[in-house]
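Peer 1: OK, TrEMBL features for this one:
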BINDING   G123, W124, G125, E205, G206  S-adenosyl-L-methionine binding site
TOPO_DOM  1-23  topological domain 'Lumenal'
TOPO_DOM  55-66  topological domain 'Lumenal'
TOPO_DOM  140-182  topological domain 'Lumenal'
TOPO_DOM  204-225  topological domain 'Cytoplasmic'
TRANSMEM  62-86  transmembrane segment
TRANSMEM  106-126  transmembrane segment
TRANSMEM  133-153  transmembrane segment
TRANSMEM  173-198  transmembrane segment
Amino acid sequence: MRYCITTRQILCKFSSIWQSPTDPDHCIVADCEDQEDANIEINRPASTEVPKGARLEHNTKLISKLCGSAKAGCILLGATIIFFYIHPFKKVSYCLESQPYLSDCYFFMGWPVLTWIGLALIGWGLILGVSSLYVLGFYGTYLGDYFGILMDAKVTSFPFSVTSHPMYYGSWMQYLGIALWYRSPAGLLLCCLLLIAYRTAISFEGPFTEEIYRQRDIKVSGKKK
């Protein structure tokens, strides 16, 4: 199942905000059209089914059994996550390219400084994401703890010294930077929705991961006794 939201559906409620101050009849609400009827796809598997699959694995080890090992199961789940995030990213990028720019309506939105801010956000987001992947490794990044592939200790070095969830916030900053680069009102609104989605995921994923490590520590302390 998927939810499809057209750019016009998102922006029509805010059309009064994006009217040109010099030409009130000109509103920059527009559709982005491609082979799939101008839809921005918000894929349900990326937001709900993947976490459900990870929890199913933690409780039953079903994916590990089907794949032959915990590492093979984690690789499969990681590849699934990557696919379901790359595809919407390409769709969103296409839509932003086809949208009118805020600079068409507001002269200050054409200031070069906004381009540099966008580039800085993209760069910093990439640093957070890549450094997190380097520190955690593939299994640590893509829910290896749900498969019983645990790290020896909690990582506190960079980028986790900056934020507890560098992958989420790094990804969001990249989207925000791209929205500023294109001066796209649709992009800015989608960034708000994305932040809500990420914060919701963090509120579930964080406590669950902490519980996994708490159970591991209890087992280790029990063996020492």
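Each Cβ is built from the backbone N, Cα and C atoms, and glycine gets one as well.
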Peer 1: How big is the S-adenosyl-L-methionine site in terms of the longest C-alpha to C-alpha distance among G123, W124, G125, E205, G206, in angstrom?
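Peer 2: The S-adenosyl-L-methionine-binding residues span at most 26 Å between Cα atoms.
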Peer 1: For G125 (S-adenosyl-L-methionine binding site), just count the other CB atoms lying within 10 A of its CB, please.
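Peer 2: Counting Cβ neighbours of G125 (S-adenosyl-L-methionine binding site) within 10 Å gives 22.
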Peer 1: Near E205 (S-adenosyl-L-methionine binding site), how many other Cβ atoms are within 10 Å of its Cβ?
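Peer 2: There are 17 such Cβ atoms around E205 (S-adenosyl-L-methionine binding site).
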Peer 1: Quickly jot the same-chain residues contacting the topological domain 'Lumenal' (55-66) by Cβ under 8 Å, restricted to those at least six beyond its ends, or write none.
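Peer 2: Distal contacts: 72-73, 76-77, 146-147, 208, 212.
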Peer 1: Give me the non-local Cβ neighbours of W124 (S-adenosyl-L-methionine binding site): same chain, 6+ apart in sequence, Cβ-Cβ under 8 Å, ordered along the sequence.
Peer 2: G170, M173
Peer 1: Can you give me the same-chain residues 6 or more apart in sequence from G206 (S-adenosyl-L-methionine binding site) with a CB-CB distance under 8 Å?
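Peer 2: For G206 (S-adenosyl-L-methionine binding site), the qualifying residues are S164, H165.
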Peer 1: If you run through the topological domain 'Cytoplasmic' (204-225) with DSSP, how many residues end up as helix, strand and coil?
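Peer 2: Residue counts for the topological domain 'Cytoplasmic' (204-225) by secondary structure: 21 helix, 0 strand, 1 coil.
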Peer 1: So, three-state DSSP: helix, strand or coil for W124 (S-adenosyl-L-methionine binding site)?
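Peer 2: Once the DSSP labels are grouped into three classes, W124 (S-adenosyl-L-methionine binding site) ends up as helix.
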Peer 1: State the count of C-beta atoms found within 10 angstroms of the C-beta of G123 (S-adenosyl-L-methionine binding site), not counting that atom itself.
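Peer 2: Result for G123 (S-adenosyl-L-methionine binding site): 13 neighbouring Cβ atoms inside 10 Å.
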